Amino acid sequence: MPAPDKFFKYIDDNADTFIKRLAAAVAIPSVSGDGTHRKDVVAMANWLNSELKQLGVDTKLVDLGKHVMDEQELDLPPAILGKLGNDPNKKTVLIYGHYDVQPASKSDGWDTDPFTLVVDEKNGRLIGRGSTDDKGPVLGWLNVIQYHHQNNIPLPVNLICCFEGMEESGSEGLDDLVRKESKKGGYFEGTDCICISDNYWLNTRTPALTYGLRGLAYYKVTVAGPGRDLHSGTFGRTVHEPMTDLISLLGTLVTPQGDILVPGVDDMVPPPDEDEKAIYAGLDYSIADIEGAAGGQIALSSDKVAVLMGRMRYPSLSIHGIEGAFYGAGGKTVIPAKVSGKFSIRLVPPQTPDNINPLVIDHLEKAFAKLGSKNKLNIEAAHGGKPWMADHRHWNYEAAKRATKIVYNQDPDLTREGGSIPVTLTFAEALGVNVLLLPMGRGDDGAHSTNEKIDKSNFIQGSKLLGSYLYELADVSK
Ligand SMILES: C[C@H](N)C(=O)N[C@@H](Cc1c[nH]cn1)C(=O)O
Ligand SMILES: [Zn+2]
Ligand SMILES: [Zn+2]
């Protein structure tokens, strides 16, 4: 049975209430990667837990223990597990999402306060940190549940929820929980399939179903020598400078064309055959889409297939920042005593952090030795995750395809995502069931960036899509 018209109408009629709830979520700065915000991440967990309870979901908060971040021991934010429905005649779907966000501050270049949701009526946009990644999609599920709860209508499937607060910082603690609860008698027992709404369409017009994610290996490389910051007039050309060493090292990692210079990394990936290239050629995507989303005419190639392969099926190496460097206004003439470069590699099969880390460490050590510097080098392999691919011919995808057709009157693009959701593979392996990624937002949403947004239509139609997917799931043959 398809989702009833009443459901679609309810979502439209309650759009303002849903946007208010999104505003309340965005207002909690649940930045997992910054220890000073840990209490906000926990506040966000409590808020989400209470919203779920009010909607009739039977929830519990699970303590994930402690971890060390930036030399500080911190409590991990809890995972929220929830259940709604327990009918043995219905399929059981596990939904996952995250309630933490990337850091954001007005000084990064936001036009408005990142933690105040701005409703831009003129352009139909909801702007704020987490609007598309991943508070909007998580609340999309709540919108669906609210319709059923308020109207006393059972969901067409049994629902198991798993929401975490550390996804943007390596999902620490979650893998163990997922493995434990996937065993016989565990909380996730009986799961037939999984759905994750935490990525984006390729463009701004075509809905997508996603069957692959890149993995991630994140590094912090530190160069230190002087006992404190130095005057460059007094010490310039008299000492080995950490910043000069670090910049030289970072310069050995990747070319401006994106080729990875760490020996063995690019070579690990087999080239595509003609059939695979045809898949990329068939996707609704253009150079204007990537340049529009990037906000500049800066694509590495004018060939759409090459650009798509760079995002979906090749590894990439990005340099993110330098800690300890002078970055303020004015012309401070300092030699920083200790600087840390941060970079990451997005991984594709057969790459994993375990087989990539030794290559990166060996390369950096050799490159540093060549500098002949007396400074000290420290390399930290921080968080990471393996890449993931699913069978997109599975009934889970069929249900999502039908739902997309109903809500958007369009067939979805079948995509592989360039980003990473580390726990996806853990769920797939631990439960042995199919995982579907069902994105809500558009390719130009600016996740992780300044002025992150979700279009109001994506939030509202996306909520209909999630609900409709549950109805199609109930119908589709296993
Ligand atoms: C695709 C997902 N919404 C996402 O943004 N994942 C992050 C995960 C991550 C890892 N380190 C920091 N964040 C990503 O792909 O960067
Ligand atoms: Zn993210
Ligand atoms: Zn996300």
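Glycine is no exception: its Cβ is also placed from the backbone N, Cα and C atoms.
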Quiz item: According to TrEMBL, ASP198, HIS231, THR333, SER420, HIS448 bind substrate; which one of ARG205, ARG346, ARG402, ARG442 is listed for that same site?
Solution: ARG346
Self-check item: Matching residue for the Mn(2+) 2 site, where TrEMBL names ASP133, ASP198 - out of HIS67, HIS98, HIS240
Solution: HIS98
Practice problem: For the Mn(2+) 1 site that TrEMBL lists with ASP133, HIS448, give the additional residue from the candidates GLU164, GLU168, GLU417. | Solution: GLU168
Quiz item: Taking the binding-site residues ASP133, ASP198, THR333, ARG346, SER420, which residues show a Cβ-atom distance to ligand 3 below 6 Å?
Solution: ASP133, ASP198
Exercise. Anything from the recorded positions HIS98, ASP100, ASP133, ASP198, HIS231, ARG346 with its Cβ under 6 A from ligand 1? List those in sequence order.
Key: ASP133, ASP198
Practice problem: Would you mind sorting out which recorded positions among ASP100, GLU167, ASP198, THR333, ARG346, SER420 put a C-beta under 6 angstroms from ligand 2? | Solution: none
Quiz item: When you measure from the Cβ of THR333 (substrate binding site), how many other Cβ atoms are you left with inside 10 Å?
Solution: 12
Quiz item: Based on Cα coordinates, which of the following recorded positions are within 10 Å of HIS448 (Mn(2+) 1 binding site): ASP100, ASP133, GLU167, ASP198, THR333, ARG346?
Solution: ASP133
Quiz item: From the Cα of ASP100 (active site) across to the Cα of GLU167 (active site, proton acceptor), what is the distance in angstrom?
Solution: 7
Quiz item: Do any of GLU168, ARG346, SER420 (binding-site residues) have a CA within 10 A of HIS98 (Mn(2+) 2 binding site), and if so which?
Solution: GLU168
